Amino acid sequence: MAQHSVYFPDAFLAQMREAMPSTLSFDEFIAACQRPLRRSIRINTLKISVADFLALTAPYGWLLTPIPWCDEGFWIERDDEDALPLGSTAEHLSGLFYIQEASSMLPVAALFADDNHPQRVMDMAAAPGSKTTQIAARMGNHGAILANEFSASRVKILHANLCRCGVANTALTHFDGRVFGAALPEMFDAILLDAPCSGEGVVRKDPDALKNWSPESNLDIAATQRELLESAFHALRPGGTLVYSTCTLNRQENEAVCLWLKETYTDAVEFLPLNDLFPDADRALTPEGFLHVFPQIYDCEGFFVARLRKISSLPALPAPTYKVGNFPFIPLKGHEALHITQAASAVGLLWDENLHLWQREKEVWLFPAAIESLIGKVRFSRLGIKLAESHNKGYRWQHEATVALACPNHAHALELSPQEAEEWYRGRDIYPQTIPAVDDVLVTFQHQPLGLAKRIGSRIKNSYPRELVRDGKLFTSNV
């Protein structure tokens, strides 16, 4: 395999020699860092089972090797990699899998370990969405996730990935994570803090990742991490589980941050060892029970994961002084709720009691019921999924609702050919051989919903969002 030319500061190498257990080879560490990272994917079980995905993609000749800590995760090797980018395959476009680095699947595995079934979860640093979508899949779109992202530009990317993967149980916020301990004290059953870090573990993906590295910056970052972890711990309910993770390798940003929390809240913090998370986990185990994954251990990105439990309540922090503002939505109940539920069902959109109908002017939304108790406590960037816009002739059903809620076996679903599906993704109208009998047509491919479209004569008018339209080579050569 080709080698990367990775930039290693001398001080970094000295730090790694000190941090690395004596059971590991430093030469193997350097060699692993210089190998390109193996590609990996996670099957999105909100849309397809692992068995059905493997059967669907079997004709492609993809070599899929299971990732030991994630039942839905696979390292992938493809003969057609140069001909067709993984992100342009039909299965990726319809949300059947997420391109995700193998070690970044570890934190969510830890969050749900030991048969943990949280109902309200916060992902404190969520973009671009790999872990939020993984959490949603583990929850089966039930309960609720608050997905926070501090970077405004990344919130849009986060929402696009949630939409593609059919996630319906999530609220988005755009805050510095340090506000949540005061704003939402002891409100969450589980919290994932995949903390901003120095990124020492990503050199296999970015050989220049350490160009701006310094020991001083590590200490500055660790100070921010301590504040974020403290905020997350305050937002966690007693008995709840918190996972702290980074994609860096130094102890200051990893073990030291967790030990600081334990020293600060001695009687409230319990470390939960991860030695049984997956077979062979003990190869990366620290004395505290954390996983400190150097890249040569499992041939993946460098990573750190710690799991802890909050065993007692904490005194509340001073209440935040910001104003949330008036909430512009009202709940829909009774006849109005029944009417839109029946109209949605007629076009193949179905949901259960986990989602509640709300309205803002002519917009109809579905909010996860488990998030409603947070309304008025924090300002949301986006809450739930937009179901429809009402107009004189009925409802204009929204793309994100179709992807998340549509029943692909609906009586009036129109299954496209590969060529027609590619035309759909290019934003072009479809002229099917068999004209549907209804005006609102659920368009599917590989029995996955692509959108709801209007039939106009013999034409199916394309409703694929303009910002998602693809050019360039797509997947027809692959199906």
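Note that Cβ sites are derived from N, Cα and C of the backbone, with glycine treated the same way.
Per Swiss-Prot, S-adenosyl-L-methionine is bound by Ala125, Ala126, Ala127, Pro128, Gly129, Ser130, Lys131, Asp176, Asp194; the candidate from Glu101, Glu149, Glu216 named for the same site is Glu149. Between the C-alpha atoms of Asp176 (S-adenosyl-L-methionine binding site) and Cys247 (active site, nucleophile), the distance comes to 20 Å. Following the DSSP three-state reduction, the secondary structure of Asp176 (S-adenosyl-L-methionine binding site) is coil. In this structure, Asp176 is the one among the recorded positions Ala127, Gly129, Lys131, Asp176, Cys247 with the smallest number of other Cβ atoms inside 10 Å of its Cβ. Counted within 10 Å of its Cβ, the other Cβ atoms near Ala125 (S-adenosyl-L-methionine binding site) come to 21, all protein chains included.
The DSSP secondary structure for Cys247 (active site, nucleophile) is coil.
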